[in-house]
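Engineer: One structure follows; several queries about it will come next.
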Amino acid sequence: MGEKEKKVERMQQDAFFLAAVATLAVSALAAIPAIVASVARLQNAKPANSKYEDEDGEATSETMAEFSTKYQRAHVLVWAAVGLGSQIAFSVILDASQSSPVPPEHFSLQNWLLTAAWGLLGVQAIAIAASRDSVSAYYQGLRLAGSSLIIGSVLLARLNVAQTWYDAAGRTGLILCVVSSVAAAGLVLASLLLPRRPDVFSKGRIVDRMFTTSAWSRLTFVWATPLMLLATEKGDLDLVDLPRPSHYLRPDYQSAEWKTRKNKDSFFKSMMRIYGWGVVKQWMTAALNSSVSYLPWWITLRLLESLESRRPGETAGSRIWLFLVWLGLVKIANSLIESWLFWSQINDLYVPIRSHLAAIVFEKAMRRKNVKGANKTSGDDKGVAEQGKDDDDKSKDEEGASDDTTGQKSRQAVINLVGIDAKRVSDFSLYMFLFPTSIIQLIISVWFLISLLGWLPLVLGVLSVAATLPINFLFSKWTLLADQKLMKIRDEKLELVSEALNGIRQVKFSALESGWEKRILKVREKELATIWQLFRYNLVVDSCWNIIPSALALTALGSYAWIHGGLTASVAFVSIGILGTLDFAIAALPGMIRYGIDAWVSLKRIEKFLDGPEIQSIRTFSSERPDVAFKDASLSWPVDSEEDKADESNQFILRNVNLSFPPGELSVICGKTGSGKSLLLAAILGEAELLSGSIHVPQPPSIDERQDHKANPGNWVLPSSIAYVGQQPWIENATVRDNVLFGMPFDEERYERTLAACALKKDIGTLSDGDKTELGINGVNLSGGQKWRVTVARAIYSRAGILILDDIFSAVDAHVSRHILEQCLGGSICKGRTIIIVTHHVGLVEKHARFIVELADGGVQYSGLTEQLREERILDEIKSFESPVLKGSVVSSDTEVEPDGGLLKKQTSKVPAKFVEDETRQKGAVKARIYKIYLERSGGFLYWAFLLFIFLTYQASQLAQPWVIRLWTGRVEQSDLPALFQQTLAPSTHYHHYQLGNQSSDDQQAQSIKFWLSVYAGTCLISVIFGIARYGFTFIAGYWASRAMFERILFSVLRAPLRWTDTVPVGRILNRLTADFNSIDSDLVQMGEWFLANWLQVIGICAASLFVSPFIAPIAALCLGVCIWLAKVYLTAARPAKRLDSTLKSPIFDLFGSALTGLTTIRAFDRAGPYIQAMHTKVEEYSMGSLTLYLFNRWLAWNMSLAGIAFTVVVTIFVLARPGLDAALAGFVLSFTLQFSHAVLMSVRASSMLELEMNAVERVIEYSEIETESLGGEKPPAAWPTQGRLEVNDLIVGYAPHLPPVLKSLSFQINPAERIGVVGRTGAGKSSLTLALFRFIEPRSGSIYIDGLDISKINLSDLRSRLAIIPQDPVLFSGTIRSNLDPFNNYTDAELSDSLRRVHLVADSEPDSNSAAPVIEASSSSSEDTATNTPTSNDGPRNVNVFLDLSSPISEGGQNLSQGQRQLLCLARAIVSRPKIMVLDEATSAVDMTTDALIQCSIREEFGGSTLLVIAHRLSTIADFDRILVLSDGEVVEFGTPRELWEDDDGVFRSMCNESGEKDKLRVTILGEGASGGE
């Protein structure tokens, strides 16, 4: 043995000795916890727990009985015993042996150190077997597995490197050493197979098994298998099939952790406190993965160098085969680490951050000030026709006020924080690992390339890349700006679509579908223009990244070949692989920076919202005084900041309020429209700004003190608790009973009394499933009166001792109003409760009222006890401003109250029907029809054939590049080439050799390099050109499809039948028009490109491997077959998981929108907590849906990587086993096969992702193909209707084919310009007649003629646009007063201002909008925010009328105006259009009586030439009309002049008059001023 060999052997001895010492140390450290646990168990012997419970949940007796680890523990003991015994035997035999050669120095000591280590492993194994705690045994098993892995690695390494050391022990010793190594491997596996705990349950559902199963199952994602099998068997997945997540993924846990760990200074720091360790783990795993990913290239380099050095015909030596083993092990390790890197991103960061942000944003929304002001507008206001023309102005693209205002004042913008911003932040957490990955890959790549190529080629290559970087960075910057602009436009589109859908009834009544369609499409065009702009920028960036790899390889390899006079296969192929990694590292950083900036912007938006003003305690709570009182209080509507609060010039303010409402009595607040009545109620609820003074309210009990579950009739009413009924009834999407109970326990007696008191019992009797009938969003399947009475019943049933009621009599009939007053507010169920009610019907409630307040001129005009005001004749003055309707009339308690007629009628039903159906989910694969439709809309089949040609050419160029390198670096004979290559290359090669034959050696070398570089450059150029074309033409196809599909779905949704829009939640439609289209616009195009590119790459790899041996073909087929089978299993499970994930998103936004709409009611009832819990449940379900989908994805990735690694190893075996194979061909084949596992995985993933993204197309097409309203019909004359004659003949209509008719053989005629009152007891068919007139329900038989034309034959849009309706619940859209009055800019400012005067929103004495009068925006006001033109006697500035300026802003839904002001604005809109036929459905129910009387005069004056149909609850409203139509049960029972009907003593109308309580006044109105006597 030479000196060098001896030195190497000594180094090996020292290394293995140190390894043995380190192994013993690690084993000792790992054994310490086991020894400590064993000692503690002996000292405190306790029986094993019969139950298992932790933070995730609790095990059941069944799961405890099924849970057993005895077999796994037995295996641990057996393998530990085998390993220890074999190691002891080997050490004894070695020491006893006298044979030669003599073992190396310290070899015996090494073995005894390893024996001691095995002894410590045995101690750990015994501790595991004796442990009664499965969790403790699990973690001990992990430590034992780590120790065993180390000792096994040392034994195997020593066996491979220094096999001669074992000769002294003989064959027996060698066998014992092998047994010991195998035992170590078996002990690793047995330790990893220990399950952690039994199955645990939480809230009746099993908890995710990730922390239940064994470590081996976790590492290999086996725990996903049962759920995948279930999905495969069912062909579907339902919510109940999903487990509950572990505790740290539950929003309630995250919320509690947030409260304890948040940082007051920085939102980012707070998030890092919670998720910082997850980020550190992710980066550490990414760093390890990046390092390990280079080992296959290092092994490939060594393999190729070995092949280059072997002589022709020589077989591979043992060293080369050892490299093959290491290649397989390294690839497996790389796949395992990569799989866990991606899973940890999902499980530790992405899903937790997304659910966490959703939870805290919702909780903040429940605490935030309810600011309803409109945004300030600048410049000229615009209608629908002009909306969006100036949206590309610079101001629109800037950060700042626009976003801030939106974020604070728009409900949809608040929802966007969850739907868009939270997603951006969580999406970024998925890819943060690319920062350390890129940096480490950059460092290792540079080091690797320097060792391969040297400094100069690398520097030249990098310089070629640097030449493109300025262009790349410039366009990347522009891309970022365009992306930010796109997000803003998408926010704008989302808000616009949301507003249109929320106001769809008004849109349809006014035939504004085309206008809204154009308005939305304008924003959509802006979005598409920005997407096109992004495409152009990305095309340049993509071109750079297509050029960079080729330029880098060409420059580096060319300069290396020129310097060294040639190129070897090992250098060339490994360098190309490393250069590709370097290219990725350089490319990833700019993109990550861009996404990081996006996430940072979103993080700041969320932070700004979370830092926004919360509702403050403006009330002084007292347990001593039971009254609600104001002392010198000045009040305004909530504003966003202290600056706005201090600036009183733009606020409506109630000043110097001094009131004390008597406890246990009924108090009335009255006043003109806009006088501040609702503001006073809001102040009692704490929903206002207190500028000065104080508000005293009794101390309400906390939720814990209430103990609602223990409530009984004896302690039901809590005197200081508050309930509220708003000016607009808020109904949940739940059953009637659930809406009434509102979270309270069910007390049957109280519930029945409540229904009777609120006149609901007969209504419920008519509903299809009684009180279990599901109500639609905002109660769309109830009549207006029913909605009001359900919300009143909610307050009455509650435990509140203080009832705050806002104008509850405006939407119900006179006799119903009196019933509610007598039986409810004045009945026993409200006895002793403090009732504060806003109403215009002072005469109605006078008898029961103890205290009356009148507001006017920004303050309290009158207030006092009813008797006192009556004595001072102030009460008469107050009542003089109201209509005689309902004054002081009393009805017997026996008065029968008929039910309202909602959309749901009585049917026999065993199972309660769902009004809002569950969202449909398709089953199985996406149908071929969906793909066909998409292909047709994206250019057609010829276009896609052209695209396929581009992809094939690109893939061919990708194969040609390494093939050129193979020809350049290899020993190629003409006969070795396939026929195609012989024909292609023969002429050029012949000419090349001819030229070289006439030149010197150096010249020949230079010419050879030039020749091969030029060929390589040509293939690179083709690759670049077709790579750019591939991206460009694919995007264009997606662009065409996206445009066409959006136009189709928008057209269908806007023209869908009213019943469809009523039964489909807005969130569901929004999901398709926004989230699904975000996917179709960008993700789907990328998936399509990815799909084609990756499958063609797989085909290319298989083709390349055939160059080694044709016998690889069946192996490749077998491997692809396995991959396809895995993909089939995955897709079968992933399809329903993806669909479920999509459908679980919509309920979050539905609940969010509903809660924001009813926020004041929720807070008044102190129900924010249950709503937060409901949101937590929705978010948790969505999280589990996403986790399941990603878990299936990881299962596929791991199993697919194993199949790919197997193929790579098999091909490498063929390469090494073929004696005549040169290094160049081996490098060519290996450069592809090393990519096989990744390429197959990406191909299958691309296939699955393409199909899953096609779900978005499937969902969009589903709504694009819904049945629309009739789109045909004749075009009526331009001036039609000219007279307003209406004829109804034998009309029969019903809401659905399976429901009974609601109008039965209805026949009547109305003459031109007649004023017709339509009356009837509730449920008579009044609303149904209106719907039939506007053709929302089509007749089963009969006809309606207007001016001689059958309306069923007229184009629907023309019909509705020629008629007009003013509904009881007015709908306004965000914009200005002008845009709401005249959406298409058809009228002058003077005409619009005049219409406002006609409805008395502007007094004659006030200057018009063109004068220089000061105008104050109502940006911070709400329900009753503006005063009319009445001089104020209060101190301070005057509240200015916002209607003086047509550009005054209107917030979403008109929330910055009172209900009465909204009604009047709708009436003004009708006055402007002056239709020949107009329908008024209690259009002034929410205005004060004086204004109502003036408006009735205006209607008579303005519509003297129009036919009016007025549906009236107040008989006095229509008592002087030309004729009255009386309906009952869908039939005409009377039709005649008021006098004729009055004179029929037995008639229905006369009966209604007698019951109305205003009989005398009606008689005077109908019969004339001198009417008297009898009936």
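Glycine residues also receive a Cβ, built from the backbone N, Cα and C atoms like all the rest.
Nobody curates TrEMBL annotations by hand; they come from automatic prediction.
Keep in mind the model is a prediction, meaning the values are calculated, not measured.
Not my notes, these are from TrEMBL:
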type: TRANSMEM; residues: 15-40; note: transmembrane segment
type: TRANSMEM; residues: 76-97; note: transmembrane segment
type: TRANSMEM; residues: 109-130; note: transmembrane segment
type: TRANSMEM; residues: 173-194; note: transmembrane segment
type: TRANSMEM; residues: 215-232; note: transmembrane segment
type: TRANSMEM; residues: 320-343; note: transmembrane segment
type: REGION; residues: 373-408; note: region 'Disordered'
type: COMPBIAS; residues: 378-399; note: compositional bias 'Basic and acidic residues'
type: DOMAIN; residues: 414-598; note: domain 'ABC transmembrane type-1'
type: TRANSMEM; residues: 430-450; note: transmembrane segment
type: TRANSMEM; residues: 456-475; note: transmembrane segment
type: TRANSMEM; residues: 569-589; note: transmembrane segment
type: DOMAIN; residues: 628-882; note: domain 'ABC transporter'
type: DOMAIN; residues: 945-1252; note: domain 'ABC transmembrane type-1'
type: TRANSMEM; residues: 1114-1131; note: transmembrane segment
type: TRANSMEM; residues: 1196-1217; note: transmembrane segment
type: TRANSMEM; residues: 1223-1244; note: transmembrane segment
type: DOMAIN; residues: 1286-1554; note: domain 'ABC transporter'
type: REGION; residues: 1404-1441; note: region 'Disordered'
type: COMPBIAS; residues: 1424-1436; note: compositional bias 'Polar residues'
Engineer: Give the one range among 414-598, 628-882, 1286-1554 whose Cβ atoms make the most pairs under 8 Å with those of the domain 'ABC transmembrane type-1' (945-1252).
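Structural biologist: Most Cβ pairs under 8 Å with the domain 'ABC transmembrane type-1' (945-1252) come from 414-598.
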Engineer: Top stretch among 15-40, 76-97, 173-194, 320-343 for CB pairs under 8 A with the transmembrane segment (109-130)?
Structural biologist: 15-40
Engineer: Any residues 6+ beyond the ends of the transmembrane segment (76-97) with a Cβ under 8 Å from its own?
Structural biologist: 103, 107-108, 111-112, 114-115, 118-119, 121-122, 124-126, 128-129, 141, 144, 148, 168-170, 172-173, 176-177, 179-180, 183-184, 186-187, 190-191, 194
Engineer: Mind checking which residues of the chain, 6+ beyond the ends of the transmembrane segment (173-194), have their Cβ under 8 Å from one of its Cβ atoms?
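Structural biologist: Same-chain contacts beyond the flanks: 69, 72-73, 75-76, 78-80, 82-83, 86-87, 89-90, 93-94, 97, 118, 121, 125, 128, 134, 137-138, 141-142, 144-145, 148-149, 151-152, 155-156, 159, 166, 214-216, 219.
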Engineer: For the domain 'ABC transporter' (1286-1554), would you mind checking the mean pLDDT of the predicted model?
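Structural biologist: Across the domain 'ABC transporter' (1286-1554), the average pLDDT comes out at 77.
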